Amino acid sequence: MRADKSLSPFEIRVYRHYRIVHGTRVALAFLLTFLIIRLFTIPESTWPLVTMVVIMGPISFWGNVVPRAFERIGGTVLGSILGLIALQLELISLPLMLVWCAAAMFLCGWLALGKKPYQGLLIGVTLAIVVGSPTGEIDTALWRSGDVILGSLLAMLFTGIWPQRAFIHWRIQLAKSLTEYNRVYQSAFSPNLLERPRLESHLQKLLTDAVKMRGLIAPASKETRIPKSIYEGIQTINRNLVCMLELQINAYWATRPSHFVLLNAQKLRDTQHMMQQILLSLVHALYEGNPQPVFANTEKLNDAVEELRQLLNNHHDLKVVETPIYGYVWLNMETAHQLELLSNLICRALRK
């Protein structure tokens, strides 16, 4: 897929309600599978439906479909073979059949806690379905094996129809996170406030949303072939910005005299507006897919430091504590640097 593809309003609306879309797809797949079973009068018709729901339910993004498809189909076929062997062993010796099933379920549990949990799950489910056939009825067992494989193939087919892209979902979530960050930033440092705003819940939500985005990195990297290190770098910077914002708020509202000094620093306010514009441009780039490198103007921040020194000299009679002031300015400089790095990484992620 093209990483720089512009997102239409319809796509944005659909991906913001991706759980509803996925639920609708599962429901339609269930109904179509049911009609296929009834139309062709397939014996043991319960098992294609069960298999389709078990396989299709957890799959949500296209980057997960292909690798998990092979895992699921491989688990289904292996489970069917193990089940058929178990039924043959039952005709020879029941204890031998039980030992065989125990070994197969051990394999199921061992894989379920490894890198291929769905394959282990399907081995166990398919084995249970096949060995549940009446003793000696190999035809029933074969039909059940075929039904499970049919359900797996139908699940893969329906999942591949208009699949959701983890990369697009990642872009929307990152744009949403930066937009919310910008709102909190404006609320915290608004010159119209007399008291410190209560933003703890908003900061916690920003941090929680940033952590949730980590689950999109692996499938998005598979879809776009963009190295995971770029996504990881963006993830780290996004989290760092939230943490630094909390420290900035603490320094900005540390004491009343220092707050007034910061409030009267014109170049510092200009710098704040500059960073807000950077955030808006990054959000626009994520939606439009046409990024332009944004370089933070650190010279303005250096001018702000000089202006603050002059303000401190003019207010020497007010017992102003310099630590929160220079701490706030340094955090602004570091935030600008992080935004510059974030801009470069987003440009690399949205390359043509």
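Numbering starts at 1 and runs along the chain as it is shown here.
Using N, Cα and C of the backbone, Cβ positions are placed for all residues, glycine too.
Remember, predicted model here, so these are calculated numbers, not experimental data.
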**Request:** Among 118-138, 265-285, 328-348, indicate the range for which Swiss-Prot gives the feature transmembrane segment.
**Result:** 118-138
**Item:** Same membrane side for SER6 and LEU142 per Swiss-Prot
**Value:** no
**Fill in**
Long-range CB partners for the transmembrane segment (148-168) (under 8 A, at least six residues beyond its ends), listed in sequence order, are 1, 3, 7, 11, 15, 18, 21-22, 25, 28-29, 32-33, 36, 42, 47-52, 55-56, 59-65, 69, 72-73, 76-77, 79-80, 122, 125-126, 129-130, 216, 219-220, 223-224
**Prompt:** How many of the residues that make up the topological domain 'Periplasmic' (139-147) does DSSP mark as helix, as strand and as coil?
**Reply:** 9 helix, 0 strand, 0 coil
